[in-house]
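S.K.: What follows is a structure written as structure tokens; I'll ask about it next.
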Amino acid sequence: MSSAGVLEVRGPFPSEEIQAYSDLHPKPRNVVYSYGTAGFRTLGSVLDSVLFRVGILAALRSKKLDGKTIGVMITASHNPEEDNGVKLVDPRGEMLEAAWEHHATLLANSPNEEFVSTLYDFIRDTRIDMSKPSRVVYARDTRPSGESLVKAFEDGLKSLGAEGRDAAINTKGTKEEYGEDSEDGYYQKMSEAFRKLVSGRPRIPPLVIDCANGVGAHAAQKLAQYLGETLPFVLHNTDTVTPGGLNHECGADYVKTSQRPPPSLIGVLQKGQRACSLDGDADRLMYYFIDERNYFLMLDGDKIATLVASFIVDLVRLAGLSDSVRVGVVQTAYANGASTKYLSDRLPVKCTPTGVKHLHHAAEQFNIGVYFEANGHGTPSTPAQSTALKHLRNLTELVNQTVGDALSDMLLVEVVLAHKAYSAAEWNSLYTDLPNRLVKVHVPNRHAFKTEDAERRLVTPQGLQAKIEELVNRYESGRSFVRPSGTEDVVRVYAEAGLRSQADELAYRVGGLVFDEAGGDPSRRPKEFY
Ligand code: G16
């Protein structure tokens, strides 16, 4: 060591073990990986080396944080079954620190023959003390590729002698302790808080849950046992073993994007009955119902944010805390314009780029920050000082204040509906959504699309933003934006307008502009759908 800095890695660096394990998980030469909106995500068949290296990275992140437990989730969430992915979670449940996303990308792309030396340089430059302990908890969803990817990941842990396990322990013994550090302890805590919050309220009618044929099916079945008749569930799409079933014609993304219920629920849903869809890893939540005229109506993340924020504002006011507790809402560009207008008239509202990692940080600027993406990701973040209130205290027991958990979000919605005595139709009538449409455009290089102003404007390709604006101006209440997805190899186009036909037409036209600009395969040009 010199005064200029650390020249060598502190503590043991087991280079031979790492090399031997790394040889079992070679990186394919022609694939470039990037840490996107929610970690690495691509075809499960090309992720073996990434999982091995993420095992190493997670162990190192833990060492860097003095042995605090790091979380790793192996999932591709809403993506089709052949995809898979992995994301890292920091010790308090928040998404991996942004600077480490860059380290993750660097290690994932290092050629096989350079991996050990790249790793050595990284550990040295980041000043990680290798003699520190490392602890990692991990889980996977039900995708067929998950099992072998877990093995690759465990090899990464083993190569550094790190400890891996499957329960959360960071807060144990601290004032932030969440309860029994087991899966059952989690259900117990949530269901007890739920019972307290709805006690004295009328009996809650059964809730239909579409589990997307994913891991949420297992969780919902267990939670149902704890809740019993307090909140009866009717579970659908719970088949996690039939190949191809995951997210197929079901789940939150299907409902939000196609703006219709999963075909398996048609004929099942009764008029006015509350239903909701989870996604493949059960962190998105989409509510909906069929109204008296037989129309399908969606209660998306924006409607959830509105419902929850208004409830929290009421509680804060009733407790006489309005002057000291600042409640705010965080949205993205995808938020329906009608929701932004409704909320901005009542509360401070912020807009961030897509990805819960961005929303979460913005929500922390408020004393109580409610953040939901329109696609159903989100949660309220309630701080310790609000525990002066009984309900707010119970709320903090109920909600997962760190990364999304659709089941705890669902219980929260049910609490608010019970307190406000709202039916699905009454909730829906808080404001009327502007008709909107989301389109995926397949282009040769989505990275050519760069955005600014919380993704509301394109910077490149040059000149395209002006053409979009020129189009948008022709539609009443028109709004549209374009951004590259961080989880799929597509560019996304969002459009809304005063009339359904106009929103569809605008989305199609902007999609066409994007496609022509990017020069894609003509067979994949967006089709008219209006
Ligand atoms: C992930 C993120 C979400 C984001 C979504 C779509 O969700 O956690 O915050 O909204 O990707 O991102 P993009 O439009 O960049 O593809 P999930 O459910 O896929 O993990």
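Yeah, the Cβs are placed from backbone N, Cα and C, and that goes for glycine too.
Where the annotation comes from TrEMBL, it is an automatic prediction and has not been curated.
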S.K.: The Mg(2+) site in TrEMBL includes D279, D281, D283. Which of S62, S77, S501 is also listed there?
M.R.: S77
S.K.: For ligand 1, which among the recorded positions S77, P484, G486 have a CB under 6 Å from it?
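M.R.: Near ligand 1, sequence order: S77, G486.
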S.K.: Out of D279, D281, E373, which of the binding-site residues is least crowded by other Cβ atoms within 10 Å?
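M.R.: Ranked by other Cβ atoms within 10 Å, the binding-site residues D279, D281, E373 bottom out at E373.
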S.K.: Which site among S77, P484, G486 has the most other CB atoms no more than 10 Å from its CB, taking these as recorded positions?
M.R.: S77
S.K.: In whole Å, how far does the CA atom of S77 (active site, phosphoserine intermediate) lie from that of D281 (Mg(2+) binding site)?
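M.R.: Between the alpha carbons of S77 (active site, phosphoserine intermediate) and D281 (Mg(2+) binding site) there are 5 Å.
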S.K.: Could you say whether, by DSSP, E373 (substrate binding site) belongs to a helix, a strand or a coil region?
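M.R.: The three-state answer is coil.
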